[in-house]
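First the structure, in the form of structure tokens, and then the observations on it.
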């Protein structure tokens, strides 16, 4: 089967934005204009084609990035047919993992901003991620019909907040309810869309007189930006005072792909204006798979290698998303970087070192699907029948193994206990949690050995809430979620010398007799428990000494203050006595345990709490609020530094118990413009008032 669309005409793009910037509506319009779905789905009534999980439709936010293929010949049929693969990315901070994951497989991105709200918090996070993966991008200012819409204000915010270099290629005609269309600065013509045909037809008309000066000014800025692409162009521009359209497009394209500039457009997806011109810009300015550097990887020998985006190259692809589909089971979304693969071929999962047969290949359109026989370099598709693959795995030709760069996923920051509501839910819950953890690498499941509870951990409170919700909807498991819990520990601060432990039972016949004397002292942090046998002259027979050690180890599981595990102590067994007839292992275990409990009471026991290393990235204006709040949470600020592209990073150590509800309060403190990460650092002694509260809570 030959290739339908030459790879130069592929555009793999992501559409990403802050919640409510109108991203889903924008994607919907793209699908409508590219002729894929003929009735437009509106988010307002929960019918958008891309948002296909039930919760998304209820919450009106996009959670999972669905991948869709569309075709475009240009607004006025002025291009050969291009193939656009769109990855829809979520705009909520608790789903940053999804955004990060889709950035990895994109060639370009279209950032959607609200003409009223401008650059919002998540936009900053997404922008940083796009910088990290060097993704070329366009900016689309949506909702130009809303009260308070201001295209030029958003232009200023892009420069100021994101340190971006936006280059408008259109300017709006009117704003708010008077928004009519846009002026195309390349053609210097106004574009007015026909409302009756939902924007599928349009006319080029003369620029309204009142906009002539504005358009001239912005055209000059655009041509200057193009001229900076090369010395030759700059000289041509200086000589002639202008540049031909073809030169401008090529120069802006080169600079966009080099991440030096971001072409900027505007419109209102809801009113069918501007998205069509933005699609043309995707073709004009965003890269095809051959315009960006070849994907890098590692061979079995550990050598670095590259794979060119070509059908002739050996097959390599990356699995970037797993979804459970109610009809076909598990779908693995993958991006083909090089080569060709057919359904039925055997692939090597080089990340895990396992071979698997590729079953069916599906081309996804939001939630409809078309079965295809092969995929080629540049394609994004979904595979059915791969059992082993998880997010971030490389799937490649077994004869030519390569591991593409691995994705790095953040550690979860919040944990909660989940309990099934009924016995019947018990087994299903284990299955459901494992399936969800497979789909989402930032979600972990473990069993707490101390309490026997199942503990789930994730990226934020909303993240866990949605996973528990999915468990109920997709797997029919009802579960109750506990309050987030903290794992405390106990240790000692001083030494207790020569403490006796004597276990004696004489009750006629054979009795029990064990006697051990120990010295207990603090150990270095992180060293755990150590036992030293210092018995001289056989006062305790050799065979009973391990029993004393075992008795102490049993007692370590539950300390004397509040029953938390005891850490970092040294025990010296120094003396004892025995009875020829009555002594046995059990008696010495009991003696060891009694001696340890008594010694611990005397050795100034304390409660330890987990301390977290917290990093907050915040705009400078909110710095004071953030620092004040961290100190209020018993945090110790350890340092600050400037962020590349504005803003500050605050590093602090904060007790885990004080961090519950933090993502919510940080959001309100900084109007959602700050993000934070936290990971476990070490255990530290809890202040007396805190320790007392913990002990009394535990004893209830």
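Using N, Cα and C of the backbone, Cβ positions are placed for all residues, glycine too.
Annotated domain 'tr-type G' per Swiss-Prot: 8-290, in sequence order.
Cβ neighbour count for residue 17 (GTP binding site) (all protein chains, 10 Å cutoff from its Cβ): 26. DSSP assigns residue 17 (GTP binding site) to a strand. Per Swiss-Prot, the feature GTP binding site maps to 17-24, 88-92, 142-145.
Under a cutoff of 8 A between CB atoms, and with a sequence separation of 6+ in the same chain, the neighbours of residue 144 (GTP binding site) are 115, 151, 172, 175, 176, 179, 266, 267, 268, 273, 274.
The secondary structure of residue 144 (GTP binding site), as reduced to three states from DSSP, is coil rather than helix or strand.
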